[in-house]
Amino acid sequence: MSHRKFSAPRHGSLGFLPRKRSSRHRGKVKSFPKDDSSKPVHLTAFLGYKAGMTHIVREVDRPGSKVNKKEVVEAVTIVETPPMVIVGIVGYVETPRGLRTFKTIFAEHISDECKRRFYKNWHKSKKKAFTKYCKKWQDEDGKKQLERDFSSMKKYCQVIRVIAHTQMRLLPLRQKKAHLMEIQVNGGTVAEKLDWARERLEQQVPVNQVFGQDEMIDVIGVTKGKGYKGVTSRWHTKKLPRKTHRGLRKVACIGAWHPARVAFSVARAGQKGYHHRTEINKKIYKIGQGYLIKDGKLIKNNASTDYDLSDKSINPLGGFVHYGEVTNDFVMLKGCVVGTKKRVLTLRKSLLVQTKRRALEKIDLKFIDTTSKFGHGRFQTVEEKKAFMGPLKKDRIAKEEGA
């Protein structure tokens with residue numbers, strides 16, 4: 001009986017079983033950072049949309065290292081993060097079996113893009129969501145009931161979370177249904193958290209009020225789907241020798257005669273990608289401001305630095321491929337993140353206390369690349385391209401027709 005001569009570690013991790021399609025499209029926060037009442041009241045998570053990647057040049061600030069004070073080129077991901085709108089407050093009580101919801105209070109006015117989340121087919125529906133609930137805020141009995149609810153939450157709740165949704169109308173996506181999630185409020189006492197959340201009902205919360213420059217965060221999302229794949233692609237098992245009968249990209253032995261079934265740990269073909277994953281320790285290189293109007297002019301230069309003073313936006317020439325233009329606030333993260341373009345990502349504050357030097361390093365960007373990401377881009381701005389290419393034939397024809 002033939003057998004392999006040497007043992008080897010198994011291919012692929014069993015820690016992520018079952019490898020099947022995620023049941024949810026938006027990344028779920030399974031645990032929030034530990035609360036610290038000595039800190040000011042703040043949110044612990046935010047939603048963003050993956051736009052694409054580019055690269056930056058920066059000077060390393062790591063005394064004692066060989067690369068200290070030297071320039072490095074690093075890949076970065078741009079995540080568009082328009083302000084989120086707070087539309088509800090949820091109070092939780094601690095029980096022997098974990099957290100249980102105590103009371104949920106929604107705002108008086110809720111936008112249609114948020115209401116769409118409560119319907120499967122908005123077009124055919126009667127669009128009656130929250131019509132009865134909003135009357136609570138208008139009559140005297142309802143107002144008294146809401147006050148009683150707020151006071152009971154202050155008395156009994158240990159954890160306060162807000163319900164916030166994204167603003168799809170600000171994004172270059174076709175989707176109209178907003179993404180909705182609960183975000184835990186940390187810092188201060190329960191009464192301070194509740195007052196903070198109540199003040200911000202129906203208000204927008206920008207990303208720079210949640211995260212800061214050079215902060216380490218976690219990214220939660222669903223990976224890019226690959227469909228049904230064979231065992232070699234899915235588990236990275238070794239290909240069999242060339243002369244193998246009935247295929248090479250297979251597992252030769254899937255188990256013993258008895259027990260007369262295939263063990264769960266044996267690599268098999270099946271779904272690859274579209275899995276729910278959490279990546280920790282992604283460093284924020286820049287929190288950029290969206291387009292704004294100042295003195296009647298549209299200000300776009302959110303990609304210029306102290307070393308590169310050219311007037312350019314974060315968008316590469318032609319926009320981000322398969323996404324479009326980033327016109328809102330954005331977060332620049334080091335390296336890559338899960339998911340395809342347009343994928344909704346959950347950004348969460350780190351659960352760990354960061355002490356490593358790389359985590360605490362100050363980032364000073366020298367240059368942000370804005371060349372076209374479709375082909376081999378050469379030009380940083382449209383003006384630079386025009387100066388190099390000279391007058392074009394189409395411009396001359398348009399000028400002649402105008403004359």
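Glycine too: its Cβ is placed from the backbone N, Cα and C atoms.
Over in Swiss-Prot, the protein carries these features:
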COMPBIAS  18-31  compositional bias 'Basic residues'
CROSSLNK  K39  SUMO2 cross-link
CROSSLNK  K224  SUMO2 cross-link
CROSSLNK  K226  SUMO2 cross-link
CROSSLNK  K286  SUMO2 cross-link
CROSSLNK  K294  SUMO1 cross-link
CROSSLNK  K366  SUMO2 cross-link
CROSSLNK  K386  SUMO2 cross-link
CROSSLNK  K393  SUMO2 cross-link
CROSSLNK  K399  SUMO2 cross-link
MOD_RES   S13  phosphoserine
MOD_RES   K136  N6-acetyllysine
MOD_RES   H245  tele-methylhistidine
MOD_RES   K286  N6-acetyllysine
MOD_RES   K294  N6-acetyllysine
MOD_RES   S304  phosphoserine
MOD_RES   K366  N6-acetyllysine
MOD_RES   K373  N6-acetyllysine
Spatial neighbours of the compositional bias 'Basic residues' (18-31) far in sequence, C-beta under 8 Å, 6+ residues away: 45, 47, 179, 181, 183, 219-222, 225, 234, 270-272, 274-276, 278, 344-346, 348, 351
Intrachain C-beta neighbours of K224 (SUMO2 cross-link), sequence separation six or more, cut-off 8 angstroms: G273, Y274, V338, G339, T340, R343
The one of K286, K366 whose CB sees the fewest other CB atoms within 10 Å, among these recorded sites: K366
Modified residues listed as S13, S304, least Cβ neighbours within 10 Å: S13
Listed in sequence order, residues with CB under 8 A of K136 (N6-acetyllysine) and six or more positions away: E108, G142, K143, Q145, L146
The compositional bias 'Basic residues' (18-31) - residue tally per DSSP class, helix then strand then coil: 0 helix, 0 strand, 14 coil
Cα proximity to K294 (SUMO1 cross-link), best match among recorded positions S13, K226, H245: K226
K386 (SUMO2 cross-link) CB neighbourhood, other CB atoms within 10 A: 13
Number of Cβ atoms other than its own within 10 Å, given for K226 (SUMO2 cross-link): 13
DSSP three-state assignment (helix, strand or coil) for K286 (SUMO2 cross-link): strand
Site of maximum Cβ density within 10 Å, from recorded positions K39, H245, K373, K393, K399: K373
Spatial separation of K366 (SUMO2 cross-link) from S304 (phosphoserine) - C-alpha basis, Å: 9
Cα within 10 Å of K366 (SUMO2 cross-link) - qualifying recorded positions among K373, K386, K399: none
